[in-house]
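> Pulled these features from Swiss-Prot for this protein:
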- Thr195: active site, nucleophile (ACT_SITE)
- Thr158, Lys184, Thr195, Glu281, Asn403, Thr408: substrate binding site (BINDING)
Amino acid sequence: MMIKIASITKVENGSIVTPKGFSAIGTAIGLKKEKKDLGAIVCDVPASCAAVYTTNQIQAAPLQVTKDSITTERKLQAIIVNSGNANACTGMKGLQDAYEMRVLGAEHFGVKENYVAVASTGVIGVPLPMDIIRKGIATLIPAKEENEAHSFSEAILTTDLITKETCYEMSIDGKKVMIAGVAKGSGMIHPNMATMLSFITTDAHIEHDVLQTALSQITNHTFNQITVDGDTSTNDMVIAMASGLSETKPINMEHADWETFVFALQKVCEDLAKKIAQDGEGATKLIEVNVLGAQTNEEAKKIAKQIVGSSLVKTAIHGEDPNWGRIISSIGQSEVAINPNTIEITLQSIAVLKNSEPQTFSEEEMKERLQEDEIVINVYLHLGEETGSAWGCDLSYEYVKINACYRT
């Protein structure tokens, strides 16, 4: 089945409140100095939901509470997020605090307790100041205005320099359906689902099981293919909510527009993943690695992520040095079976290696292209038909400075 790309359009200035039924709010309650630090997304109706969580064995209290909510009801109506404190490694008291946040949210928004998800991001190992949290939740008044959605996107940030939002419109059953997303993430990014949070809203009519299948698959190709510093976080999660208020027929794998929905969801996740990679702590450049001609998609993704995660590749890109030897070395370290004699590498569309032979190129032209904000590395294996991509950023002096002083 061909994906109806023509029926998918990016919505400029769209946000998580663009899909029908959603409102949002972000505000400052004092968890961070002079910055927004508490937010909420609320749906007019119980929404079908799906989620993907960190694979870090240490999982923060809010993540455990959210898992409990989604497993119990398979629907959500509100998400409460705080930044500035991760509520991770805070013992039984931390878990009690996360459950209290869920109760407070349910009471404040007038929804069932198990319809509330909780997320936190920030410093690990510090108890939540619940007196501030309690007062803060009581002040949340979500609205359907775009500016409140943007306020939410600010409230979930930690060391991020920019907010991360995206929105698409698609046609399902001949009706307009919207899907949007917001994310935070800058450091500790090396997901298998890093610190990374993402929230997706849509007015598509889709049930939990189907949405979960789609989100899990797409996460593997998008969020799990970004890396900033090779660390995974205790708090990462991606949550999707579907209000169903577009009033289409239920979307499932047999639906004529199934691939249209999947493609739109993938575009949202890919946009957010790239924005996270580009906003890596201290980053000055986005790095995209595409591996083509692999035997399997998994092998292509593994090689791409190996390259983009290499500190030597990252520092070379930061220094605008076309040291492709670091790229070929990373390929060899990936533990994927390759044929060194068939590999081709291009850097910013300039061939640097072909059939194990170094290629002559203009140093001046290469230097100019490496000054660009987005760097693309293409690797051609010539072993099969599969492809895979990964995204990351350069490694700068500023990264060390930011993380050396994070708590202070």
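Heads up, the Cβ atoms here are built off N, Cα and C, so glycines get one too.
Would you situate these features in the structure and describe their surroundings?
According to its DSSP assignment, Thr158 (substrate binding site) is coil.
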> With every protein chain in view, how many other Cβ atoms are within 10 Å of the Cβ of Thr158 (substrate binding site)?
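So the number of other Cβ atoms within 10 Å of Thr158 (substrate binding site) is 23.
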> How many other Cβ atoms sit within 10 Å of the Cβ of Lys184 (substrate binding site)?
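Its Cβ has 28 other Cβ atoms within 10 Å.
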> Using DSSP, would you call Lys184 (substrate binding site) helix, strand or coil?
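Looking at the DSSP assignment, Lys184 (substrate binding site) belongs to a strand.
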